[in-house]
Amino acid sequence: MSNDGFSSLKFRRTSSKLQKDPPSVSSRILRSQQSNTSLKRHPSAPVHPRSSVTGSREHSRTRSNAYGSSSSSLEQHSGGPSPVLAGGDSNNSFSSKSRPGRFSFNTDPSSDELTGSPFDSRGMLSALEENTAESEKSPPPQPPTLRSYHTSPDSRGLRQSASFTALQNRMDTFTQKSENDQSTNTKRHSDEANGTKVFGRSKKSSFSSFVNSMLGSPRGIKISAPENPVHVTHVGYDNQTGQFTGLPKEWQRLLQENGISKKEQEEHPQTMVDIMRFYEKNARGDDEVWHKFDHAYAHHQPTANTPGSQRNSPPTSPRFPQNHEGSFENPRAPPPIPRGAPAATQAMSPPIGGLVPSRAPPKPPAPANMIPARPAPQPPVARPPQDAYANQFSTPPISESEPLPSEAQRSRSNSKTNGAQPQWAQPGAIASPAQYQQQQEQAMAAAQQAIVQNQLERSRSQRQQQSRGPEPKQPTQMGHSQHANDHTTALQSPQKAQPVPAARPRQRARQSNAVDVRARLLAICTPGDPTKLYYNLNKIGQGASGGVYTAYQHGTNNCVAIKQMNLDLQPKKELIINEILVMKDSKHKNIVNFLDSYLHGLDLWVVMEYMEGGSLTDVVTFNIMTEGQIAAVCRETLNGLQHLHSKGVIHRDIKSDNILLSLDGNIKLTDFGFCAQINDSQNKRNTMVGTPYWMAPEVVTRKEYGRKVDIWSLGIMAIEMIEGEPPYLTESPLRALYLIATNGTPTIKDEHNLSPVFRDFLHLALKVDPEKRASAHDLLMHPFMSLCSPLTHLAPLVKAARLSRAQEKAQKGGA
């Protein structure tokens, strides 16, 4: 075939194929070509993507695209003569150069050598088949192997649109580097670079990414997986299966050991969830209420090596030796001691059944991270009967959280009766009492110093983080905390060498507020040296945070009670301020009189009225009270509560331990550490505080509550005066919470022996629905108040309790 014939044939082929495309589109595309390259032969070029360049743009295509099967491909009629494969070489590559005109042919000498060559269609098809097979065997890494070779004219027109040219140039730079590594310098017409549909999606993705980066369009935020996740126990209830979900094995054992059967769990699933959530929060947390549970099991523990601490008679004062400062000032051990508790329950309670000589102090019942160290309980030395009262003051009402070294002798478990300090008269129980006491004092001093040092270092570290320049107050106030300089100096270097261990947020908050609390106390307290105002201090109680003393005031010779508290050992110092302010503002005949307060060195001295008769717990433990005497106690307590409620204060811990008596029978409320302020804007609380056996159902179930919780506790205290103990005292604390929440109003033994008016009084005070429960004012108007005996009729009960306590201590001493 001649050259003219070949040209005419090619022209006819080109024209026939161009008729399939819209003429306007093809014309626009062909006119946009700017490449001036010519067809070049590459004899041994490997199979790889080819690059189509339009100006500065490149586009990678696979070799197999050279002559696709699609009749619409421009590659078959790109305007150049059809090359002929020499010798059927399948590895040859073909390149063409764009031309300025639509139908202009290349006149470059390099293309002339192909002109006039015979058209070998069979060889060309063979080469195409071999190249296609080879491309399928080893496809290039990028882009992926193309399986469709159809080219859309519209797509080409869009890409070559003038409005997209600038963006396209920028877009191609993102992929140019990777494509250059895999492409050759072979050049084609720019319109031959059109991708297939598969490749179009890739280009579209790149184009969208580029436009988003240029226009600042928001991309989907990529959230990484959590790092170092900590699983928090979540307990639920499946209504379909009737089973708890996510209940830890420890909780399952705890429920079983506390006598809560699966049937009971299924009958009251929501109650169980509420109680267990409360336990989860408080068992490891800052709430002293849970640590009050300690004494509920203390009487189960065998008192090893302390034979004198064993009970000789049921009425023995419950509070005796469990002088554990973090313990639950819980109930005295009831006269009938529960014996059926499994051994596992004992594991729940701290090993404090008795003070074991020559042994390190027991670990606290709560997790170790709650308190850095806890001082060993110091055995009380033989003291006069005023102990009962002293122990009341040694209570740390100040902290509603942490096993606040609840100054050991506060509750019936340790505060009131002679039994509360069985070690007083136990010289025979220990070979050398002096050595034993010395060991305990040394252990206590070491533990207290460790706590102080740890807190001082954390305070110093916290202040350094908050501000590099020390505030004027801080050096002065922290200077008071430098009483253990030798120890803190030794501690500073290791503390600086390694970062301070991350404390819980609550602890950091307490440390950051320590200086402010001290500053507020300085504003509240009376300046001066209390040691010059009071003399003849006689220690009548000891707690981890300080001691309780009786003293006489210079000038008046009035006997007062002084509670000394080491501020550095108080977990929640702000509660001290709360207690002082409540007592200052609560001048009433039925509230223990607050006399004064002083900051003396590291200690806070709180001076109060001394109630030498002790607590009501002693009276109910050793005596049987008449309805008239019970009515008198209820009336005086209600008067004090009405005064508090009128000032927007909820006591939240009404029980016999916190009712003090004088030798004349006068009755006063004490222990305002759990008090809460309520007002018009916040007239409800939902914090679970108090002593569980006296808690109202709405407190146990963690509903909102108000003043009526004190009325429920008063009703329980009335039952306590009838039976000698509150309901469920023989049950484990967890089961007691369950029973309070599910049973509602407790049953009273021999209720038929009570007068109808007394039963009605109890019925109104123990309504489960707080809205239906009577108020303090309502109960003061109740007919039961007409039965009140004179307060002087209580004096014999106080004296009898003191005598019984003295006898009990004598028995312990002679054992």
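Glycine too: its Cβ is placed from the backbone N, Cα and C atoms.
Feature annotation from Swiss-Prot assigns region 'Disordered' to 1-160 (among others).
Residues or ranges marked as compositional bias 'Polar residues' in Swiss-Prot: 24-38 (among others).
The compositional bias 'Low complexity' feature in Swiss-Prot is assigned to 68-82 (among others).
The compositional bias 'Polar residues' annotation in Swiss-Prot covers 89-114 (among others).
For 148-160 (among others), the entry in Swiss-Prot reads compositional bias 'Polar residues'.
Under the heading compositional bias 'Polar residues', Swiss-Prot lists 173-185 (among others).
Per Swiss-Prot, the feature region 'Disordered' maps to 173-200 (among others).
The domain 'CRIB' annotation in Swiss-Prot covers 223-236, and the record cites sequence analysis as its basis.
The region 'Disordered' annotation in Swiss-Prot covers 300-513 (among others).
Per Swiss-Prot, the feature compositional bias 'Polar residues' maps to 302-314 (among others).
What Swiss-Prot records for 374-383 is compositional bias 'Pro residues'.
Annotated compositional bias 'Low complexity' per Swiss-Prot: 394-407 (among others), in sequence order.
Per Swiss-Prot, the feature compositional bias 'Polar residues' maps to 411-424 (among others).
What Swiss-Prot records for 429-455 (among others) is compositional bias 'Low complexity'.
Among the features that Swiss-Prot reports, compositional bias 'Polar residues' is placed at 474-493 (among others).
Residues or ranges marked as compositional bias 'Low complexity' in Swiss-Prot: 494-504 (among others).
Every protein chain shown contributes to the tally, and the Cβ of ASP653 (active site, proton acceptor) ends up with 28 other Cβ atoms within 10 Å. Within 10 Å of the C-beta of GLY546 (ATP binding site) we count 25 further C-beta atoms, all protein chains included. Residue pair ASP653 (active site, proton acceptor) / GLN542 (ATP binding site) shows a Cα separation of 21 Å.
Considering only the binding-site residues ILE540, VAL548, the Cβ with the fewest other Cβ atoms within 10 Å is that of ILE540. Neighbour density for GLN542 (ATP binding site): within 10 A of its CB lie 27 other CB atoms from the protein chains shown.
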